[in-house]
Amino acid sequence: MKKTPLLNIALSRVIASLGHGDILMIVDAGMPVPPGVELIDLALTRGVPDFVSVLDVVLSEMQVESHVLAREMADIKPPALQIIESLNLDDQLGQQRWISHEDLKALSRTAKAIIRTGECQPYSNLALVSGVVF
């Protein structure tokens, strides 16, 4: 059995397969998933699992170079934003970029995979760009 926090087989496989510059998205329950993009659906019910719990586990295994958020998130200020900002201050998320929600949906078409959470706070969506450990 694995010793690290991530136990989900599909998610572990995707993170292990990421190359430099690949995009992995963590999204709320309402974010559309484009055809052809792998969906790892973790959502069980409203709020389970929540966005922050999934982000914490993903960051335990993934090297992040940068991240992308929707500008609308800054207006709505869902609870996840405060956690993202603190992780950003700790340099765990690399460079931050803000784009429109529509542009984030367009960016999702290029994602290697999208992780759907049970999060139901609006605009709780994040694109993580894979970095390298060397």
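Using the three backbone atoms N, Cα and C, a Cβ is placed for every residue, glycine included.
Per Swiss-Prot, the features are:
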type	residues	note
ACT_SITE	H20	active site, proton donor
BINDING	D28, H101, Y123, S124, N125	substrate binding site
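Annotated substrate site D28, H101, Y123, S124, N125; additional same-chain residues within 8 Å of its Cβ mean position, judged by their own Cβ, are V27, G30, M31, A70, E72, M73, P78, L104, Q121, P122, L126. On a Cα basis, the residue listed as 'active site, proton donor' lies 24 Å away from S124 (substrate binding site).
Of the candidate binding-site residues, D28, H101, Y123, N125, the one lying closest to the residue listed as 'active site, proton donor' when CA atoms are compared is N125.
Looking at the residues that bind substrate per the record, D28, H101, Y123, S124, N125, the two CA atoms farthest apart are separated by 13 Å. Cβ neighbour count for H101 (substrate binding site): 16 (other Cβ atoms within 10 Å of its Cβ, all protein chains included). Sorting the recorded positions H20, N125 by the number of other Cβ atoms within 10 Å puts N125 first.
D28 (substrate binding site): 21 other CB atoms within 10 A of its CB, across all protein chains.
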